[in-house]
């Protein structure tokens with residue numbers, strides 16, 4: 001961890017237009033929760049569906065994409081990353097610091113609103129709120145690591161990340177059940193399922209697999225990101 | 001002393017230092033070091049007037065020298081041609097033509113994915129002689145995720161680099177006006193979106209005509225789908241380019257455009273599911289059209305041209321059709337206005 005790099009990364013993410021997207025997504029989730037409650041359909045099933053489709057299925061990958069790539073990709077695009085890399089700071093430390101920044105933002109803008117929205121809907125009933133908060137936190141941390149790595153590897157990180165989140169996790173996962181085993185979103189839901197006792201939430205993956213996969217993917221992505229930064233070559237734009 | 005480098009230059013490169021010698025020699029104290037005995041054929045001319053041209057003692061600060069470039073006196077092709085060239089250049093760039101190979105991967109991969117249902121349908125038609133398994137009018141709605149990714153991935157390309165490198169004044173110093181610039185960018189993106197959608201439809205239709213499965217050809221369906229594709233391309237491109245133009249960063253632009261699509265589609269789906277669970281199907285129909293793909297389907301293909309709804313349920317009917325059409329027009333007008341205002345500001349910097 002390096003405090004200065006963390007501070008710069010926070011400022012880059014929160015001080016620009018990026019923050020509007022980071023704020024907008026949780027606001028829509030809370031708005032939907034309020035609306036659902038107002039319509040009078042704030043049952044357990046509705047809460048689980050909203051959390052599955054919107055909080056974990058839509059908001060979390062998008063936040064992961066914005067925060068995960070946002071900590072490093074703009075610097076690479078600008079070329080200002082050379083100033084960072086020329087300092088006598090170990091590159092894996094840079095990668096870890098950037099990851100911690102992205103993961104903390106996902107916790108703040110992803111897990112906390114998820115908890116608030118589900119608590120608004122069902123209170124602490126069958127642990128849904130705690131379950132989805134834990135799931136969003138675990139999934140958000142993994143998304144932050146993977147998308148940060150993607151931002152270092154390629155200049156088209158956001159597009160590839162979206163294609164992964166929408167096509168692989170969304171479309172392919174719906175038709176090919178086997179693809180669900182390799183989806184951060186499904187692992188996050190498995191964590192949520194483990195904590196909550198709701199009958200409406202069930203996933204096809206065991207918690208053992210999901211937990212190990214989350215850990216492996218997160219740590220692997222951070223280590224690989226550090227490794228990539230050690231031999232980083234700055235290529236020209238387009 | 002000062003003629004040492006001069007001497008070294010001479011044998012190796014007799015041609016190159018020609019220009020420099022002409023510039024250098026007058027500033028030297030006349031001819032003595034060069035000596036009359038040495039061979040100086042080329043530099044002989046500038047040596048004769050040493051004092052006036054070389055010493056910039058009383059020269060004003062800014063002078064434009066006519067250094068003899070030829071003036072252009074050919075035909076000037078004018079504003080329309082410039083705007084057309086900009087459109088074509090942008091359209092090529094959207095598909096990565098004229099850019100490095102890695103810029104071609106994503107647009108062509110997405111365009112290929114758009115062809116999948118067509119290929120499968122043609123195969124099925126050829127094997128078991130039945131109607132296409134995917135309907136013409138439902139093509140865009142079925143493939144909306146791919147279309148949305150294409151829009152998000154490519155519309156920032158049309159606007160972000162020019163904003164980032166602040167080259168807008170360069171464009172505007174030519175006959176191209178601000179409106180031409182904005183129009184060219186939107187037109188190029190529209191053409192790209194239309195191509196991505198219309199090519200699979202056309203291939204499917206040609207395939208159907210060639211294989212000729214039993215029953216009449218779906219000519220009206222195909223034409224309806226093309227009309228829908230035009231409106232969809234215009235709407236989505238205006239929205240995509242407008243959203244992308246608010247940031248000079250391509251990555252953030254991609255994220256913003258896809259966030260717009262995901263938000264509208266997820267909100268529309270969640271709201272519709274909520275309303276259907278309380279049996280309010282009229283309100284649910286309105287909730288579906290929050291999604292821009294369903295909105296255009298409801299307004300054009302279903303509302304104006306009477307096709308079957310491709311959405312999950314029904315769309316608003318009766319006066320609702322007029323409202324959806326107005327909503328499409330308002331969406332386009334709003335995006336174009338935002339785009340023009342954005343560029344007014346960007347151009348004035």
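Glycine is treated like the rest: Cβ placed from N, Cα and C.
Remember, TrEMBL labels are computer predictions, not curated facts.
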With the ranges B:133-153, B:154-174 to choose from, which does TrEMBL describe as transmembrane segment? B:133-153
Tell me which of B:81-104, B:105-128 corresponds to the transmembrane segment entry in TrEMBL. B:105-128
Cβ pairs under 8 Å with the transmembrane segment (B:223-246): which stretch of B:105-128, B:133-153, B:285-307 has the most? B:285-307
